[in-house]
């Protein structure tokens with residue numbers, strides 16, 4: 001009798017979880033932030049404690065799970081449209097190493113012991129702190145590492161069609177500068193752009209249509225290419241080459257006695 005009563009609840013729980021994971025994305029399988037982790041824990045508790053409890057009806061338990069899942073999906077959508085709200089909810093990556101120097105106060109802020117930091121660094125193939133140039137402690141507990149001699153990583157200035165104010169401040173840029181840059185590449189509104197990154201002193205734009213826009217080239221690069229083009233267009237004059245003549249060698253006769 002118990003199995004007959006609980007079987008529909010098991011099936012309903014599985015269906016609700018599959019729908020929730022489908023709607024919320026794969027970040028629930030590998031959580032990227034504290035909200036993802038807490039949300040998954042609460043969903044599991046509701047399914048295990050309410051939906052599968054004999055004393056709670058399937059309809060009441062399903063409503064609780066649906067309300068919580070809808071709330072998480074709504075918060076995630078709002079975060080994607082507002083970078084400041086996202087930082088307030090999830091926090092921001094913490095820089096642990098800057099210009100080769102370890103920032104001890106940020107280790108305390110991240111609640112990360114040096115021994116654990118050493119382990120995470122070794123996993124990524126770095127065996128001495130002296131090799132580190134920049135290190136960030138990400139929201140999911142992983143490290144982003146730039147070693148000495150490597151290029152700086154790209155910085156997202158537009159995420160999900162929204163301007164990232166914090167990253168602009170990190171680059172010492174403002175919103176007016178960004179708007180001018182995207183206009184140079186033929187865009188009027190930020191809403192036309194899926195994301196954009198600042199890398200190698202250039203703004204790389206990835207619009208919603210999926211076509212990558214090449215950043216404008218510097219003037220010295222244009223002059224260099226024009227010079228090469230002009231050189232290729234000029235006909236090459238062939239000059240006649242004189243054949244080298246082999247010097248004549250006179251035969252000497254030896255006198256006979």
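For all residues, glycine too, the Cβ spot is worked out from N, Cα and C.
These come from TrEMBL:
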type     : residues : note
DOMAIN   : 4-78     : domain 'YetF-like N-terminal transmembrane'
TRANSMEM : 6-23     : transmembrane segment
TRANSMEM : 58-78    : transmembrane segment
DOMAIN   : 81-198   : domain 'YetF C-terminal'
COMPBIAS : 218-236  : compositional bias 'Basic and acidic residues'
COMPBIAS : 237-251  : compositional bias 'Basic residues'
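Applying DSSP to the domain 'YetF-like N-terminal transmembrane' (4-78) sorts its residues as follows: 63 helix, 0 strand, 12 coil. Secondary structure counts, DSSP: the domain 'YetF C-terminal' (81-198) has 48 helix, 31 strand, 39 coil.
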